[in-house]
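According to TrEMBL, the protein carries these features:
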DOMAIN    A:17-182  domain 'Cytochrome c assembly protein'
TRANSMEM  A:20-41  transmembrane segment
TRANSMEM  A:61-82  transmembrane segment
TRANSMEM  A:94-113  transmembrane segment
TRANSMEM  A:125-144  transmembrane segment
TRANSMEM  A:156-175  transmembrane segment
TRANSMEM  A:199-222  transmembrane segment
Amino acid sequence: MAIWDFANPTRFVRLVDRTLPWLVTACVIAFGIGLYKSFFMAPEDYQQGDTVRIMFIHVPAAWLAMMCYSVMALSSLGTLVWKHPLADVSAKAAAPLGAAFTFISLITGSLWGKPMWGTYWVWDARLTSVLVLFIMYLGLMALWRTMEDPIKAGKAAAVLTLVGALNLPIIKFSVDWWNTLHQPASVIRMDGPTIHPDILVPLLVMALAFTLLFFTLHLMAMRNEVMRRRVRAMRLKAAAGPRAASATAAPQPAE
Amino acid sequence: MTMNPFDLGPHAGFIIASYVTTFGIVAGLILWVLIDRAKQKSDLADLEAQGIKRSAATSQDPASEETSG
């Protein structure tokens, strides 16, 4: 099935209605297993003690903060290059989710940093670049709200989103390029994860749960956005109704 | 090996605050999506009750649904 098969919003909404119960069930099960493993199975870290349990929400939230922006960047390409009818719907629906996950990663990172580093915040490369990502999400959400026409807003937001995508490699490699309090990557590495499986497995299950949560909420928010545009189109049609009728009744100039 | 989740050590406050904040934000997101859906459904029902129909509802033409340019 090609991606253009979903270009019809009605077909897309039907597909979402069928998919959501399965996604919600999978998400609840994944969170159940993940939280059980995080609190009942994962041992304390030999240096960080129980605060390592913050990692089970901080790291998946940080991954999703970046993945969500990647989804928005791909959607923006879909808007500008392929003009897919649902691309800007996808980008607009993803922005508040990305902002929320970025906020979670910033807050949990601060709460993890205080007992481990002795401070809630430092202006180092990783923390600052993630804060920039959060501000970009807020800026994109504001941009969508400044324009009445969602199609024009979608195109402007797509350009800004693609420019902002430059921040993603900066976030990822900031811990390698600059000196920072934040630890370097310990899961996604060329030489494999450096975390013991007792802690790595709960982390990966929680990452799966967060990813399922993102896709569930994203599809729901996209469905809402499709409905919002239908409401807008119907209101415009209703407002133009009497004028359209009188224009049809009036004699048209010959061309 | 089973851990005791009720003994989170000297930094329990930070761990609990992290999970409570995350739960609050995720619950807020879920509520926002559900409330928004209810509002859009109500708006659509109101418009349809006024006799306003979508052009796509009659033509089934994908291009007639407003989503993107």
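Placed from the backbone N, Cα and C atoms, the Cβ positions cover glycine too.
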Taking 3+ C-beta pairs under 8 angstroms (sequence gap of 6 or more) as contact, is the transmembrane segment (A:199-222) in contact with the transmembrane segment (A:61-82)?
yes
With Cβ-Cβ distances below 8 Å as the criterion, list the same-chain residues six or more beyond the ends of the transmembrane segment (A:94-113) that contact it, or say none.
51, 54-55, 57-58, 61-62, 64-65, 68-69, 71-72, 75, 119-122, 127, 130-131, 133-134, 137-138, 140-141, 144, 181, 210, 214, 217-218, 221
Of A:20-41, A:125-144, A:156-175, whichever stretch has the most CB pairs under 8 A to the transmembrane segment (A:61-82):
A:156-175
